[in-house]
Amino acid sequence: MKILMVGSGAREHAIAKALNKTADVYTYMGRKNPGLARISKNYTVNDESNFNEIIKFAQENNVELAFIGPEAPLEMGIVDELEKEGIHSVGPTKSAAQIETNKAFMRKLFEDYDIPGSIKYGTFYDLDEAYEFIDNFDEPVVVKPIGLTGGKGVKIVGDQLADNDEAKEYVKEIFHQKMGGFEGVVIEELLLGEEYTIQAFVDGTHLIPMPAAQDHPHAFVGNKGPITGGMGSYSDKNHLLPFLTQEDYDKSVEIMEKTIKAIAKEQEPYKGILYGQFMLCKDGPKVIEYNARFGDPESMNVLSVIDDDLAKISKQIVDGTLDSVNFLNKSSVCKYVVPDKYPNTHVADTVVDVDEDKINELGAQVFYAAVYQDMDDSIKLTSSRALGVLAVKDSIKEAEKICEEAIKYVKGEVYHRNDVATEELLNEKIKHMEEVRL
């Protein structure tokens, strides 16, 4: 089978690697990702928003279906355009992708269809009304731009914001900058608990969940600093998490199933990957937000333990015949290596040296993200996350240890969170959840 891969990050590298076990991958990427280039039967480097070029590349290589990695092309309607040319995609249409690309749409969907896991919130297109909501709410809030911001637009009182007065200042900034493409904002209650992710394959009707994972979005050790796209993640061999019970997992999946039914009624059938970001609270799972594609880094966790044919699954998704998917009973840990002082880095265009042979000898893998391969084949940093180092073992503890050893073979002006998935941090999360449940 010939499959078109759209995207140029570590998520796409992980997807392509899984597809490549049984299919030929043809990659359309915005910059030359060395891992993707190596895997691909053919590739081109071009603007990921140029749909005419994407379609031309797909047709020249006679691909049978497409797998869309990032959210931006989904928001712009790449799936709709490919469908017009007879190329089916693993990825939702523009209207169905609103579950991620429009936070106001997502919250209203929960309200209209009485989906469990909803929270107190308000959507505002008037600045004074937003201020009034915050003043009357009288509790710490979370402020979100309505549209896409690359995972970096959410700010929380008690974290990035000192108090609700600062929240109002941030609301003003969102309005004036039209952050996320909207002159509007979603304001939500601040939830207390532990965040986690469940991703699922969806064929329009059937939803098959993957192992749960937990991301670490804060830039610095100890869950400090600004929110990033994710500094690392882990999954456990029982497909749960140390603080997440089977009942919690099942309730989360039920919420996702009700969501895809609601999307089908409101817009059209949802096909592709659905990523649910949840908060486990005292009274059960609550939905923080959805993504219309694999998470980054969580894609690396689940795709590294999939014990099935991703190309076959992709075909079943577009055909509406999704059946079952098998996963190994293994634990995984992924840690992101990023430029020094990320996300406010000044070391872009410097060389990062990656000894993949040594990393592979240790039993770890590398997934390249926002790096580019220069004319002399050197790998250079950009201002974003550089690469994910992932290990799969029988326990989180073993996988974390391998990850740390492997990262020693990445040299350059780089940094990583060495506390991701450590026993100490996991125990903190277990203790925190026990306190929340009291």
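Using the three backbone atoms N, Cα and C, a Cβ is placed for every residue, glycine included.
The feature domain 'ATP-grasp' is assigned by Swiss-Prot to 107-319. Per Swiss-Prot, ATP binding site is recorded for 134-197. The Mg(2+) 1 binding site annotation in Swiss-Prot covers Gln277, Glu289. According to Swiss-Prot, the feature Mn(2+) 1 binding site maps to Gln277, Glu289. Annotated Mn(2+) 2 binding site per Swiss-Prot: Glu289, Asn291, in sequence order, evidence recorded as sequence analysis. Look at Swiss-Prot and you will find Glu289, Asn291 tagged as Mg(2+) 2 binding site.
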Across the binding-site residues (Gln277, Asn291), the Cβ with the fewest other Cβ atoms inside 10 Å is that of Gln277
For Ile174 (ATP binding site), which residues of its chain lie six or more apart in sequence with Cβ-Cβ distance below 8 Å? Val143, Pro145, Gly153, Gly180, Gly184, Val185
Cα-Cα, Glu289 (Mg(2+) 1 binding site) versus Leu190 (ATP binding site), nearest Å, comes out at 13
Indicate whether Leu190 (ATP binding site) is helix, strand or coil by DSSP. coil
With a 10 Å radius around each C-beta, find which of these binding-site residues (Ile134, Val142, Leu190) has the fewest other C-beta atoms nearby. Leu190
With Cβ-Cβ distance below 8 Å and at least 6 positions apart along the chain, what are the contacts of Phe182 (ATP binding site)? List them in sequence order. Ala104, Tyr125, Pro145, Ile146, Gly147
Whole-number answer please: how many Å between the C-alpha atoms of Glu166 (ATP binding site) and Gln277 (Mg(2+) 1 binding site)? 25
Show which residues of the chain containing Gly150 (ATP binding site), separated from it by at least 6 in sequence, have their CB under 8 Å from its CB. Gly229
Residue among binding-site residues Val142, Leu190, Gln277 with Cα closest to the Cα of Asn291 (Mn(2+) 2 binding site): Gln277
Most Cβ neighbours within 10 Å, among the binding-site residues Gly158, Glu166, Glu289, goes to Glu289
Structural state of Phe182 (ATP binding site), classified by DSSP into three states: coil
Integer Å value for the Cα distance linking Ile134 (ATP binding site) with Gln277 (Mg(2+) 1 binding site) is 24
DSSP-derived structure type at Ile174 (ATP binding site), helix or strand or else coil: helix
How many Å separate the Cα atoms of Leu190 (ATP binding site) and Gln277 (Mg(2+) 1 binding site)? 15
Determine, to the nearest whole angstrom, how far the Cα atom of Val142 (ATP binding site) is from the Cα atom of Gln277 (Mg(2+) 1 binding site). 15
